[in-house]
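Reading through the structure tokens given below for one structure.
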């Protein structure tokens, strides 16, 4: 180790760098287990994995197809299909397009930065541990718990949306029954551990991808006036709604207010980095999966919501709904089918929404449980959350997140929606802090990487925008936080809001700061200076023969192929 590396290790002191083992040599015993035990279906599967707790030894059963579909469609749920209606109502079609485009540019850079870090340092709970390793252990503590609570709150939200989605068909059954049905389904999926999550995400993402393509083709026909005579789109429609009722609503406040809905819709995009720790060969599969995010942003969000803005008037009262994030009747995707007179199309989109929200519920358990396990590994959560069973599941972490799903039943009470609003306030801005931390961790990693004498050629997968992309992502996140602070103080329709409206919009910020302070007083560690950042411990052992062969093949390819390889 060089002199700078020695200084780094001396100055780290009591803040150990995470050294989670991702070598599967110690876990070969799983190959000798029965099929039922490996898949969590036997009594033995719930026993602790042998060998003690040496690190997070999760089941590495994800394949390339799983990672690719998690990247392209894994996080699309209520925020996109339902919340986009309230965003259209508040800001108008132009605001919907611009805000989601801005957030798309931001998340594009975030995911590429995460991909670079995840290929180099494959640890479970990745982006939280990157904050601990490259920024500040106290901030990492805050980001870890922030991420756990974000998903713990999203789970009951998605269960509620799923129940209300079924009631759209007028089944006449109490919504609590449907919440229970989907709650049991999510529990069963998690019984199968990593493979259950991966397969469910693969097939649900395939459905979401196919449905969105169908939706956009149908919308193109409707915009051109090809709708049936029993609907309103039986003549050339064009961009008339951008003129009347107008491209923008509620002025600058409307523009600012849509950002938080866009953030909620993009929440979960970072899960592909978390899943990389449980992939069979992330060095080969993760870069391709990261590139799929470009297509998700372009096809799903930007192009899909452009059609929404062309076909649904922003002053339509139906967009308001009983609750803009959980009332499926306010979904513009369903309203377009109704207004077009396309028999069954609204039901088809409702099925897609149902599958999407249940999928996000499964993702919530996955993301929250893996982060909770990583917190316990570093001593930031009770030690029993490090329990990994013989099928590779973080058993008690999964159980803890699943218990939060019971909060969905509060909506059955008359005061339930009030409680739920406050729960949503906890998760509203949580994702922005996570994404900002990923960008900052990438910036600090690059600085420490150069300080310790390494070159960029030693990084196998580099973020497409480099450190400048992370600076851009961090800048856009800061703008969104400022915009949300402005609308929290002065909501649409009033000059000055109340304390209640402020905290319902901005509660996540003081919660994160509280966690940050708690982490500091607990661990007594602060901002890491560049010499203190260790960039070598826990680094992935790379197959440089494969990497160099791929680089040589890339350099020999035609220019058009080199450009397209950035996106495919």
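Including glycine, each Cβ sits where the backbone N, Cα and C put it.
Keep in mind that TrEMBL annotations are predicted by a computer and have not been checked by a curator.
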When you get a sec, could you say which of 375-392, 393-410 is annotated transmembrane segment by TrEMBL?
393-410
If you check TrEMBL, which stretch out of 26-47, 422-443 is marked transmembrane segment?
422-443
In TrEMBL, one of 327-347, 348-368 is tagged transmembrane segment. Which stretch would that be?
348-368
Count the Cβ pairs between the transmembrane segment (393-410) and the transmembrane segment (252-272) that lie under 8 angstroms and are 6 or more residues apart in sequence, then report whether there are at least 3.
no
State the non-local partners of the transmembrane segment (506-522) in its own chain: residues 6+ outside its ends, Cβ under 8 Å from one of its Cβ atoms.
137-143, 145-146, 149, 380, 422, 425-430, 433, 481, 484-485, 488
Are there at least 3 C-beta pairs under 8 angstroms linking the transmembrane segment (209-227) and the transmembrane segment (175-197), leaving out pairs fewer than 6 apart in sequence?
no
